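Trainee: Here it is, the structure, as structure tokens.
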Amino acid sequence: MDTKTKVSVVYIAIITLSSVYIPQPILPLLALEFNTTAQNASAITSITLLPMAFAPLFYGYFLENHQPKLILSLSLFVAGIFQILLAWCESLETFLLLRFIQSLFFPAILTTLLTILTRSQSGSLQFNVSIYIASTIAGGLIGRMGGAYLTELFSWQICFILLGVSLTLGGIFSLSWIANQASKLTQFTFSQILPLLGNKTSLVVLGSVFVMFFSFQAVLNTLPFYAKEMFPHISQNELGRLYLGYSIGIVVSLLANPIIKLCGGREKTIFLSLNLFALGLCVFLLHSLMWIYVGMFVMCFGSFIAHSVLNALNNSLTPKYKAASSGLYLSFYYTGGTLGSYLSSFVFELFGWQMLIISLAITLSLTSFVFYHHMTHIKKEA
């Protein structure tokens, strides 16, 4: 993979994830803008992630039989246009409709990028996957913090227009800098996904991914409402800075290989990282802005290590049909995120922040034990 391709992949991943997550820290503002409740405003995140939960399977199939470059370029141009149109929405219903249509193209972009990286013959699979994950983490951080800052400085509409232009530029970069696949693409049918779903190890990995991102989005989506409730005078910029701990993910995902060696293997790394995630959640129970910052760093450290290692582990289970494998991973990942971002608002309003955090921490720890028990049992049988 040449330098221009790497730069394009990194830029596109960053700008796409910025677009996906820019509404999150400004959800309380959007609730006021559209005169709606926190639960209805939370649907903005859920409806963004919903297409990303089922569309990767289709795109995984499509990418095995078509050139990724063309799909990537078209998706970026369409997503950019809809990002600009969102800035002129005057009702929540119109906003959700346009956002849903736009979100149909986000999984095409992300699945294509991951396919390009996993098909590359340069570097290790773990390192290529780590590049992708580090870029998406950077995008999530820039979208949340940068979006909150620019919203306070200008308006949320200006943020959306700038992102729309940036997505369009990504389409130009993909046409100019990303080469066509030289190898003959493998013919693929949906029936070949079934063995993956029938494999216990694959299901345990995908189930762990589901729980991990369910918990992650549940916390990040309810955090701005909790912060507004606890600290009524907190500014939009300060809300954005609560996501600063997200930045640790850029470093830890690129250091996945050394961390795996330090922990003694992938299985132990995933077990420890999920429990570290749970520990970070427990820190959120301390009612202080400082502890929210600390908890965010700990939580993100654990979750991004788990994400990086689980992703590579999933790809290693299926040497053939990388696009389909990546699509299945993203489908479970974003299904968890979709449900977590929406259901968490009900738990938060009915039972409060503490009950939400405690239940998520327990679920993560139980998942880590199920994963580790299964993987060690499989190794003993082998």
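Here the Cβ of each residue, glycine as well, is placed from N, Cα and C on the backbone.
TrEMBL feature annotations, pasted as is:
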DOMAIN    1-377  domain 'Major facilitator superfamily (MFS) profile'
TRANSMEM  7-23  transmembrane segment
TRANSMEM  43-63  transmembrane segment
TRANSMEM  70-88  transmembrane segment
TRANSMEM  94-117  transmembrane segment
TRANSMEM  129-147  transmembrane segment
TRANSMEM  153-180  transmembrane segment
TRANSMEM  201-220  transmembrane segment
TRANSMEM  240-257  transmembrane segment
TRANSMEM  269-286  transmembrane segment
TRANSMEM  292-314  transmembrane segment
TRANSMEM  326-344  transmembrane segment
TRANSMEM  350-372  transmembrane segment
Trainee: Okay, the transmembrane segment (201-220) and the transmembrane segment (350-372): do they have at least three CB pairs under 8 Å, pairs separated by 6 or more?
Mentor: yes
Trainee: What is the pLDDT of the domain 'Major facilitator superfamily (MFS) profile' (1-377) when averaged and given as a whole number?
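Mentor: Mean pLDDT for the domain 'Major facilitator superfamily (MFS) profile' (1-377): 87.
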